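Quick notes on the structure that follows.
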Amino acid sequence: MHRETELTREKTHDEHEAADGELPVDHESQSTQSDTDSDGRGSSSQDEVVAVNFQPGEPANPHNWSMAKKYYVPLVGTLLSINSTMGSSTPANEIPALREAFHFPDGPQSILPATTYLIGFVLGPLVFAPLSEQYGRRPVLISTLCLYIIFTMGTALSPNWAAFLIFRFLSGTFAAPPMSVTGGSIADVFDDPVVRGRANMLWSSATLLGPLAGPVIAGYTYQYSWRWAFWASMIFSGICLFTLVFQPETLATKILRDRAAKLNKEKGGERYMAPADMDKPSLLVTLKITTTRPLYLLCTEMLVALTCVYMAFVYAVFYMLLKIFPNIFSGIYGFTPGESGLAFVMMFGGSSIANVVGYFYDTYAQTLVRRHPNKHAEYLRLPLACVGGPAFVVSLFWLGWTSRLSIHWIVPLLSMLPYGFGYQCIFMAMINYTADAYDIYASSALAALAACRSIAGAIIPLAVDSMLDTLGIAWSCTVLALISCVLSLVPFGFIVWGEKIRAASNFSKNLQNEPHPELELTRSVSIV
């Protein structure tokens, strides 16, 4: 009875503090048995574990921030992602200068600066995504960006080819976190799925804008030194770091965890805990889940496997074009490296058109969802890919068969408008479809997509030199277009047979019938 009176007094005192605007707590608590007292002797006393939660409408809850404060998160995330993806293509126009400086032979080694960076892109998210759930988004983003700046400096100062490639790999590893953390940060602050989808659309544009910006910048710094491309990248990274410093922590679990730590320090003991910490897997278990479940989905889920193959090839084609463009615009038309960057500007124009189309289509799709609430909403994501796929195929045929001296350079250059449009539509549609279809396991499915994409972008372009030497520009682009044509049937197949495929999948059935809440900790970690 005396113990119950003490607990009641403590509850009343804490609730009074919460009412006065101090740290609120949730008294739907658990009890734990303490084995020893402060002197190390056995004790039979029970310590109440109190969940620390947000009060309704509390400004500290990221869902209750002002719209300006909320939109600062995807804005910073987009800048960080542009910075990350820009690094993958920065050396594209620097290969002749790098070959002259480091004396490596022409051929597959020319693509190694991009390949080593993208291998780091595969490994980075597997580690930093779960760390962001454990320690917060902000500390992970700031620390890794600082390391990225350091390793980019190492790249610029590299004394030899081996050192250059090592620094490229390390730069890619520490450039990866924004691609796996920003999606989670957006989910942290936007609870409205429509607004969240549009914020994600803004962020997803970085997946193309960043790689487009790299060759343009390198093309105009080329005249000074190949090292200036990386100095320019460092300067932009510093600007990104400056904007990131002003972004508060968005992960509610981290905010509540810090609040609980403050209460424990003030009152003594370890009574106060964030709700997510009461029954949570260890970091080691989290890492195991994060690294193994994407592979499991890739090997057992046909929808994930086909989406991975399609997106990986589309992504690899972009890095092949980084090698094909110099052969067309410099080799045939005599463009300077800076002028060759016009092709990437055209790509960006096409992707911008796709973003506008995607915005209006999203509004229309939400109307359909409200009219037909019993239908699977994820299939409404696919029509964009059904439009983008053919545009992507046409652009490759167009580029290949108009790249000749007898045809004005503007004609092959304009082919990059439908390319950028198709690329962006495919990515928006397939990523959102996968995220909707796999619900609480969306982050694992998207991680599989990201890993396959980066691996394909690192390996497939190694064959581009041999392909160009054997087939020439026209037939090389034709081969890529034909493969793309076959793969463009994937979203159409999902519309027709998607429900049957999911019905035959034990994993998809269990997802609907027997969800696993203990694994929801990775739900908000999106990788684009």
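Including glycine, each Cβ sits where the backbone N, Cα and C put it.
Under the heading compositional bias 'Basic and acidic residues', TrEMBL lists 1-29.
Taken from TrEMBL, the feature region 'Disordered' covers 1-47.
Annotated compositional bias 'Low complexity' per TrEMBL: 30-47, in sequence order.
In the predicted structure, the domain 'Major facilitator superfamily (MFS) profile' (69-500) carries a mean pLDDT of 86. Per TrEMBL, domain 'Major facilitator superfamily (MFS) profile' is recorded for 69-500.
Tertiary neighbourhood of the transmembrane segment (71-90): same-chain residues 114, 117-118, 121, 141, 145, 148, 152, 171-172, 175-179, 181-182, 185-186, 188-189, 199-200, 202-203, 205-207, 209-215, 217-218, 229-230, 233, 236-237, 239-240, 243-244, 246-247, 250, 319, 322, 457, 528, selected by CB-CB distance under 8 Å and a gap of 6+ residues from either end. Taken from TrEMBL, the feature transmembrane segment applies to 71-90 (among others).
The transmembrane segment annotation in TrEMBL covers 110-128 (among others).
According to TrEMBL, the transmembrane segment annotation covers 140-159 (among others). Note on the transmembrane segment (140-159): residues 80, 83-84, 87, 124, 128, 131-132, 167-168, 170-171, 174-178, 181, 227, 230-231, 233-234, 237-238, 240-241, 244-245 of its chain, located 6 or more positions outside it, place their CB under 8 angstroms from a CB of the stretch.
The feature transmembrane segment is assigned by TrEMBL to 228-246 (among others). Residues 72, 75-76, 79-80, 83, 86-87, 90-91, 93-94, 138, 141-142, 145-146, 148-149, 152-153, 155-156, 214, 217-218, 221-222 of the same chain sit 6 or more residues outside the transmembrane segment (228-246) yet have a Cβ under 8 Å from a Cβ within it.
Annotation comment: TrEMBL describes 295-322 (among others) as transmembrane segment.
The annotation transmembrane segment is assigned in TrEMBL to 342-361 (among others).
Per TrEMBL, the feature transmembrane segment maps to 382-401 (among others).
What TrEMBL lists as transmembrane segment is 407-433 (among others).
Among the features that TrEMBL reports, transmembrane segment is placed at 440-460 (among others).
Per TrEMBL, the feature transmembrane segment maps to 472-497 (among others).
As a quick check, the transmembrane segment (382-401) and the transmembrane segment (110-128) miss the bar of 3 or more Cβ pairs under 8 A, pairs 6 or more apart, so the two do not touch. Here the transmembrane segment (110-128) has Cβ contacts under 8 Å with residues 87-89, 91-92, 94-95, 98-99, 140, 144, 164-166, 168-177, 179-181, 287, 290-291, 319, 322-323, 447, 450-451, 454-455, 457-459, 461-462, 464-465, 527 of the same chain, all six or more residues outside its ends.
For the transmembrane segment (342-361), the partner stretch with the highest count of Cβ pairs under 8 angstroms, out of 295-322, 407-433, 472-497, is 407-433.
Sequence-distant contacts of the transmembrane segment (295-322) (same chain, at least 6 residues past either end, Cβ-Cβ under 8 Å): 88-89, 92, 111, 114, 118, 208, 211, 215, 343, 392, 396, 423, 426-427, 430-431, 433-434, 437-438, 441, 444-445, 448-449, 452-457, 459-461, 464, 480, 483-484, 487-488, 490, 493-494, 498, 501-502, 505, 507-508.
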